[in-house]
Amino acid sequence: MTWEIILVFLIIGATIVLFAFEVFPIDKISFCIIAALLLTGLVTPEEAVSGFSNKAVITILCLMILAIGLEENGAISWLAKGLKVLKSWPMVLAMVAVMLIAGSISAFVSSTAVVIVFIKIVAELKQKYQMPPGKLLLPISFASILGGSCTLMGTSTNLLVNNISSRYTGERLGFFEFSLMGITFLGISVLIIALFYRFLPKNAAGLSDKYDLDRYLLTLTVDPESSLVGKKLGDSFMFKESDITVLRITRNRLDQNLLNKEMEIHANDVILLHCSLENLQWMRGQGYFEVDVEHLDQIKPGSSTQIKRVGGKRKKKDDPDTQETEKEKDAVLLELLLLPGSRFVGRTLAELKRMIVPRAIPLAVNKRKKLTSLQRRLYQSNREFTRLRVGDRLLIQTDPDYVPNFENSNNLAVLNQFEGRPPSTVIKRNLSILILLGTVALAATGVFEVMTSVITGTLAMLLFKCVELNRIYEKINWQIIFLLAGMIPLGIAMSNAEADKWITQVLLEYMSGQQPMIVIGILFLTTMLLSSVVSNNATAIIMAPIGISLANGLELDVKPFILSVMFAANFSFFTPLGYQTNALIFSMGIYRFKHFLVIGGIISVVLWIVATLLLSSMF
């Protein structure tokens, strides 16, 4: 083993740790990788930045633009609109139908975009028809992953593995070459989830009550003219409201920790509370409190109290502020989900107020569940406690005219809106769908390569004004692009240092003379386990060269090895860490880790066995 190989392994090990514990954002980790490779001399400067011009990266970038065009014009929502008829179906059949629809769309559109749209649809189904999100969202995430594995352009992992295969062997995967196998995996997984769907949470609201996941954190300042001034907490008119929990009262910058029913409310008291969305909207409409986001930075985590109710103020008709309050009633409340890459991530509510006012006022934040214990330890300072993270839900008040700005904002999903939204242009929606179909047809028939086809489709989107360039710059998930740009040089470094060949030689010592089925099974399992803690794209870049070298060393057909890495890197089901859609669903607080571990674990084991049998039959 040379020192270059040792350096490569050290960088790979550090990368896995950084990804697994989410110490830094993935784009920052990518820059760390590029810098480390350059400083150690494992790659040349040209190789270090080659990821930005890689064919797979350009193809993925164009696919993101196509997905943005479809989402901007309501095409994905329109395709999924038929879900509303499922309200009268048995839950298990409705879940199966949703999975098949999500999987079918994900075969041609970014799985992340599909899941984001379905989150909105499921939220509407819950609000209007009381359909439990817990029975739908995890199956949707799994189905989108499996559906993306059915075509070459279905996931970025497929494109990356195809690019590596072309570079190492000269062989390319066909557009539908592995579709039958992918559909088989999708069908098996749908059947498994249908059999175990009772294990999914029955009622998202029940989980929310247990973990306070549907309650918002906010601070309210009592107006000096409030009728509550001088009253006891126990005598306040909202004392009987069970959906409002007082966490702390701050008076003259001092926390009042000994809260009880006899405590007197003073003017300008700053009250920290948890409140349901419905009660918050009611208080806003009645003008009971002056909302104050500046004090939210002073909150300390872990607050507790014995008192759970607090009252407010009802504005008088002759109050000079009544007119302003009535105007606020006409404002729109939006519930936003922060997605990866949002410019709001890392900001406090007070900072956010300065960023978006006068367009909107941030009212409250619902903190996501943390994925790792390390992250929990990072939340120690008062300001850090209220910094927004990916998966947090933000409640804002804005003018109806500004609603489109938030719907089109950088990596935000509007989960709930209390005013109607203008329908998208039908012509542009249909054009977007036709452009996608044309792009798929060009790639599937072999008229053009996939990259040429998606570039042509992107150009059509721009020429027909289905999407604007400024919207593209805002909505592209640049974290994924930088992740790929950082990981591709790592794959080059492995090749330069011959680390992949060294690993292959070690594996050949143990696998020489073994049945191809055993070799494929070990490769598939190793890749799948790595994908559970590292991103699927990073796993593919690391494992694909190893799989190809292993096939050459054993003098076996390389195609089953390529497909093994591709499928296994995608199949990250038993943890919410490896795949972005799983992390997004988990962060909403509906599921616990055990749901991924049990249901995802069963699916992973079954698919591992089935894939090993199918792939080994290709020899």
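Glycine is no exception: its Cβ is also placed from the backbone N, Cα and C atoms.
A quick note: this is a predicted structure, and the numbers were derived from the prediction, not measured.
Here is what TrEMBL records for this protein:
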COMPBIAS  317-326  compositional bias 'Basic and acidic residues'
DOMAIN    205-289  domain 'RCK C-terminal'
DOMAIN    321-412  domain 'RCK C-terminal'
REGION    304-326  region 'Disordered'
TRANSMEM  6-24  transmembrane segment
TRANSMEM  29-45  transmembrane segment
TRANSMEM  57-80  transmembrane segment
TRANSMEM  92-119  transmembrane segment
TRANSMEM  139-161  transmembrane segment
TRANSMEM  173-197  transmembrane segment
TRANSMEM  431-464  transmembrane segment
TRANSMEM  476-497  transmembrane segment
TRANSMEM  517-544  transmembrane segment
TRANSMEM  556-575  transmembrane segment
TRANSMEM  595-615  transmembrane segment
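For the transmembrane segment (476-497), the partner stretch with the highest count of Cβ pairs under 8 angstroms, out of 6-24, 139-161, 431-464, is 6-24.
At the 8 Å Cβ cutoff, the transmembrane segment (139-161) and the transmembrane segment (431-464) share at least 3 close pairs (sequence separation 6 or more) and count as touching. Through the fold, the transmembrane segment (517-544) approaches residues 12, 15-16, 19-20, 26, 155-157, 160-161, 164-165, 168, 480, 483-484, 487-488, 490-491, 494, 511, 550, 554, 556, 560-562, 564-572, 574-575, 577-580, 604, 608, 611-613, 615-616 of its own chain, all at least 6 residues removed from its boundaries and within a Cβ separation under 8 Å.
The list of residues near the transmembrane segment (595-615) in space but at least 6 beyond its ends in sequence, with Cβ under 8 angstroms from a Cβ of it, reads 138, 142, 181, 184-185, 188-189, 192-193, 196, 199-201, 517, 520-521, 524-525, 528, 560, 563-564, 567-568, 571, 573-576, 582, 586. Between the transmembrane segment (92-119) and the stretches 29-45, 431-464, 556-575, Cβ pairs under 8 Å are most numerous for 431-464. Counting Cβ pairs under 8 Å to the transmembrane segment (556-575), the stretch among 57-80, 173-197, 431-464 with the most such contacts is 173-197. Beyond its flanks by at least six residues, the transmembrane segment (173-197) meets 91-92, 95-96, 99-100, 103, 107, 135, 139, 142-143, 146-147, 149-154, 158, 161-162, 165, 440, 443-444, 446, 450, 562-563, 566-567, 571, 598-599, 602-603, 606-607, 610-611, 614 of its own chain at Cβ-Cβ distances under 8 Å. Distant neighbours of the transmembrane segment (57-80): 51, 101-102, 105, 109-110, 113-114, 116-118, 120-121, 153, 156, 159, 408, 423-425, 428-429, 431-433, 435-436, 439, 450-451, 454-455, 457-458, 461, 466-467, 471-472, 475-477, 480-481, 484-485, 488; these residues of the same chain sit at least 6 beyond its ends, with a Cβ under 8 Å from one of its Cβ atoms.
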